[in-house]
Amino acid sequence: MSFDFVFMLKVIRIAAARIPATLIVATIPLLIGCIIGLPIALARFFRVRILSSFLKWTVTILKGIPVVLFLLTFYVLIGRYFDVVMQYFHINFGFKDLNKGLIVVAALSIPACVSLSEVFRGALASVKNGQFDAAYSIGHSRNAALWRIILPQAFPVSLPMICNMYIGFVKAASLASMVSVIDVLNAAIIAATMNYRYLEAYVAAALIYWLLCVVIERIFIFLEKWFGKKIREAAV
């Protein structure tokens with residue numbers, strides 16, 4: 001059976017319609033990871049008593065759990081207890097009515113928080129210790145030094161790693177098909193089941209993922225250069 005380029009283009013059109021869903025599933029966990037991961041990184045960076053040790057062991061444990069295991073665990077737990085909770089509060093809304101994409105977002109948010117906390121901690125460590133001393137010498141408090149001097153220097157350092165994580169989440173979004181969420185890959189596979197041309201469908205999905213990753217990478221390269229320019233201008 002020869003490769004059908006016409007069918008591949010057809011699958012690209014079908015699967016491309018699911019790009020927004022894929023990006024939503026990948027972007028929301030990244031944002032949640034930034035919001036929660038930064039305080040975790042700060043607590044560990046400044047060695048907050050008790051909390052720092054607790055977070056260290058929590059991060060170590062959660063880092064070792066595969067993303068697919070988070071996804072399946074969330075799906076089973078929510079599927080088992082969601083209806084019970086809704087009935088207890090007399091809410092006419094069941095598990096079958098729940099958008100399964102929320103489960104994917106919740107499952108990806110945990111590894112996002114863990115990984116981004118490590119990214120931010122490494123970025124903070126890359127800033128020279130003398131920056132704090134310089135900030136203190138001009139009358140800044142520790143919080144002011146952190147937000148006005150340290151974080152603006154640390155954030156550009158973290159951008160390449162955040163970019164790699166975001167690309168990883170875009171690809172991990174393909175796991176959403178395991179909980180009945182149709183993403184780019186699942187849409188391509190569904191289209192292929194009509195005439196069993198799976199190779200064309202896989203190639204079509206691969207091209208879409210490749211294009212998404214290229215666009216994301218270019219955006220982050222632009223952001224990295226823009227932040228670097230702003231820092232250089234501020235230093236003058």
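Glycine is treated like the rest: Cβ placed from N, Cα and C.
According to TrEMBL, the feature domain 'ABC transmembrane type-1' maps to 19-220.
Positions annotated as transmembrane segment by TrEMBL: 21-41 (among others).
For the transmembrane segment (61-82), the residues of the chain that approach it from at least six positions outside its boundaries are 94-95, 98, 100, 103-104, 106-108, 110-111, 114-115, 118, 172, 175-176, 178-179, judged by C-beta separation under 8 angstroms. For 61-82 (among others), the entry in TrEMBL reads transmembrane segment.
Here TrEMBL flags 102-124 (among others) as transmembrane segment. Among residues of the same chain six or more beyond the transmembrane segment (102-124), those with a C-beta under 8 A of the stretch's C-beta atoms are 24-26, 28-30, 32-34, 36-38, 40-42, 44-45, 55, 59, 62-63, 65, 67, 70-71, 73-75, 78, 150-151, 154-155, 157-158, 161-162, 165, 169, 172-173, 175-176, 179, 181.
The transmembrane segment annotation in TrEMBL covers 144-163 (among others).
The transmembrane segment annotation in TrEMBL covers 175-196 (among others).
Residues or ranges marked as transmembrane segment by TrEMBL: 202-223 (among others).
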